[in-house]
């Protein structure tokens, strides 16, 4: 490696690259900020970028220098302890939600069936009142206490892990609203699920553990303060997202892959181990809770509730000719998934831009109206359905038909006059979503559902799921997607059974493949979804078929629009950087992305009043700091963040009376790295929160100890695709654009980064 010798060669290279004949002329330098690329958008005043990059300022170097092996060991140990606590907390939260939903649903169905014996109208009134009361409790909690708890939360988490912070999404009140709101919305029979909210719940728990509690009540131990930064909080939130999926589906491996494929933009091997450990803890917690509930300790919650649909006893083999209808399922899933995405996007856009701007009262009325529509359809349509004779008890001795009213599963009696009949449409509607899916996935239940009932349910539930998502309640789309896909999948399975007249073909297998196809066509996940479907069905033999329908449905869906979560993030004006940059960026350079050639910068020693004036007049979050060299040239010594400036202005500890640069060590032991960290899910300190007197405004501040002396810089001619990849893969907030350099200090190759090579070079220079 050919480099200039001498201390500070790296800093000299940075200075010379940005040296100009006059102080920062218009074409001298620029800054591309991740939080400013969408400045023309209305969201620019709402969303903030996160500081995932390490700011190697003097304060940071002093803080690192004081840490020994004991602090490092404690830091690593705490990371694993936090992963353990996240798993335990998420598992307990999922257990509480499931027990509450199952019991509320059980009481609702028991009361409805008991009163239906005397009057259908009275039974409907009780059923509708139960649903409206539960849904009202959910929407009231969300609108008055935790607005950020509405929806699934996954688009916001994708944005957070992509580098965008939306205020409120990880607060304690959001966690409470998510848990209580999910119980009300799912228990109230709305066409939604609790799986997406569980992912958000896990992320909230992770964030709260990392900061020692809520923003108002928290532990302030110096050990916990080590994690109060965006980088460590990002790792903890990633563990929380994986824990949520693991708790929702009892799929620990699927949870890890979901975090890797769907929500994170940055990954490393050390994080993989902690995420896997967290998911494993969740699986143990869920299994332990279910074992305790099997003894009747949880009311109506018994073997059901936590999603797992065992199809291992179903179809064991398949022929080549069956691949065609299975491929057809992939096409149907892609088409219906794209249609569902577009319809929910249009309705959510109308709600966001028109309806919900009228206030919380409109949001509450809307959800209650949707609940009434759901109650009318789910109660009234099965009343119009014909009853079906129960299967022959001699031929099917293991089938209990109809089910006793205190149990829930297949073959619901509902309004049938004879005890030897059941209502197949009520079998789907009058169950919790988890049990309804278990019914649709059930194997060796040929002719349990008529084609007319399945078509009716498909049309009704697709309509209900479309109008429900976007209302002001916690709402997940995994379960509705599975139910929609399982319905048309079972229809295709009935067609295949009647067409091939072959033993061994099971309708439940096609229901499973249909569910996978709709989720693939809507959410556009592949690897994680494939593993989740295998884990929740306990059927590894169907793995190749699940892969087939997922690949086809994703390809078909991608031909029409973006994935479900990407569309919702776009609607919420979250500036996501997707994994692959657009093709047209290849034709552009870094210079083309600069909104203006005029750079807002600070001299190294700036007047306090000038700093305050700039911070009040612009919304930038990063400012180059310049210094006049002895030869008269101007050099940029680094980049200072708005958040750091605000902390220094607030403390006033470094104000000085003259414009002379201070000593580099004057800030030693004055600041900790955590002093410059913005509180989680909040807007942080504002320039208008800083109170300065007229005398203080005339004082000076040396910015050199607070700048990042080594920010990422690119040449103005670099392809914008490369700049895009830098931002996304490194989690950057700013990249400085400089003219093409006229001087080079050396070239670093791969071998120069090996530890033994670096240590040997340092030994030779001593």
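Glycine is no exception: its Cβ is also placed from the backbone N, Cα and C atoms.
Going by TrEMBL, these are the annotated features:
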type: TRANSMEM; residues: 80-101; note: transmembrane segment
type: TRANSMEM; residues: 121-142; note: transmembrane segment
type: TRANSMEM; residues: 236-259; note: transmembrane segment
type: TRANSMEM; residues: 271-290; note: transmembrane segment
type: TRANSMEM; residues: 323-344; note: transmembrane segment
type: TRANSMEM; residues: 364-385; note: transmembrane segment
type: TRANSMEM; residues: 454-472; note: transmembrane segment
type: TRANSMEM; residues: 478-500; note: transmembrane segment
type: TRANSMEM; residues: 512-534; note: transmembrane segment
type: TRANSMEM; residues: 540-557; note: transmembrane segment
type: DOMAIN; residues: 707-763; note: domain 'CBS'
Long-range environment of the transmembrane segment (236-259) - Cβ separation under 8 angstroms, sequence gap at least 6: 82-83, 86-87, 90-91, 93-94, 157, 160-161, 170, 194-195, 198-207, 209-210, 227, 271-272, 274-276, 278-283, 285-287, 306-308, 478, 525, 527-529, 531-532, 535-536
What are the DSSP helix/strand/coil residue counts across the domain 'CBS' (707-763)? 24 helix, 10 strand, 23 coil
Is it true that the transmembrane segment (364-385) and the transmembrane segment (478-500) have 3 or more CB pairs under 8 Å, sequence gap of 6 or more? no
Beyond the flanks of the transmembrane segment (454-472) by at least 6 residues, Cβ under 8 Å: 139, 142-143, 147, 150-151, 190-192, 336, 340, 343-344, 347-348, 351-352, 356, 360, 363-364, 366-367, 370, 373-374, 377-378, 381, 385, 425, 428-429, 480, 483-484, 487-488, 490-491, 494
Determine the mean pLDDT over the domain 'CBS' (707-763), rounding to the nearest whole number. 83
Is the transmembrane segment (271-290) packed against any residues at least 6 beyond its ends, judged by a Cβ distance under 8 Å, and which are they? 79-80, 83-84, 86-88, 90-92, 94-95, 235, 238-240, 242-243, 245-247, 250, 252-253, 255-256, 259-260, 303, 305-306
